[in-house]
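Okay, so here's the structure we're looking at.
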Amino acid sequence: MKIIRVQDQIEGGKIAFTLLKDSLAKGAKTLGLATGSSPISFYQEMVKSPLDFSDLTSINLDEYVGLSVESDQSYDYFMRQNLFNAKPFKKNYLPNGLATNIEAEAKRYDQIIAEHPIDFQVLGIGRNGHIGFNEPGTSFKEETHVVDLQESTIEANSRFFTSIEDVPKQAISMGIASIMKSKMIVLLAFGQEKADAIKGMVFGPITEDLPASILQKHDHVIVIVDEAAASQLD
């Protein structure tokens, strides 16, 4: 696990984009993408770039259950607004949060991941150490699955909604075992509220109580943090 400290989120996005360009030069074809505030500066760099992404495939980590793709809080909408509308890909995959059978949708998504191995996976990290929507207690062996969101996650995500009551209580998420199959992982974290999770991820025991701790076992993880998020690493 390599730690890169940056001045701010803007610099973090630039570093992540440089890593992506290196990966593309080596033949990467499938990107694993995340939502939330952490990767936005990275997506801004992608949008500003003259690079053409139309031969790439993207696979997103997760989607809320019960939200239409037209909802401005859906992750499908987020990705279109922040990246896909400006930079078309060959194919974009996200879980279908309105699937009639969400368990079957999870299995369908696993098949997509199997057919498109992820070369470059972007991650954020939750205050409780979650990656994707894999909450504390999630089995490291889990693949794509339906998640009951913890109160801390609902509270953290409520800033994007009119009220906390509007935040969905479930999501479909790529599992930890799925994430660990990625050839390269770039995790972005900014702000003091992420410091405890980053410390546990880097130095703590590998435990399902802190899902991101499993990344210690991955061969190629780069963590990009500002000084606030890295404040407990010294």
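Backbone N, Cα and C define each Cβ position, glycine as well.
Annotated active site, proton acceptor per Swiss-Prot: Asp62, His130, in sequence order. The active site, for ring-opening step feature in Swiss-Prot is assigned to Asn128, Glu135.
Distance from the CA of Asn128 (active site, for ring-opening step) to the CA of Asp62 (active site, proton acceptor) is 17 Å.
Take the CB of Glu135 (active site, for ring-opening step) and look out to 10 A: across all protein chains shown you find 21 other CB atoms.
Using a 10 Å Cβ-Cβ cutoff, His130 (active site, proton acceptor) registers 25 neighbours. Taking CA atoms as the reference points, Asn128 (active site, for ring-opening step) and Glu135 (active site, for ring-opening step) are 8 Å apart. Take the active-site residues Asp62, Asn128: by the count of other Cβ atoms within 10 Å of each Cβ, the lowest one is Asn128. In the three-state DSSP assignment, the secondary structure recorded for Asp62 (active site, proton acceptor) is strand.
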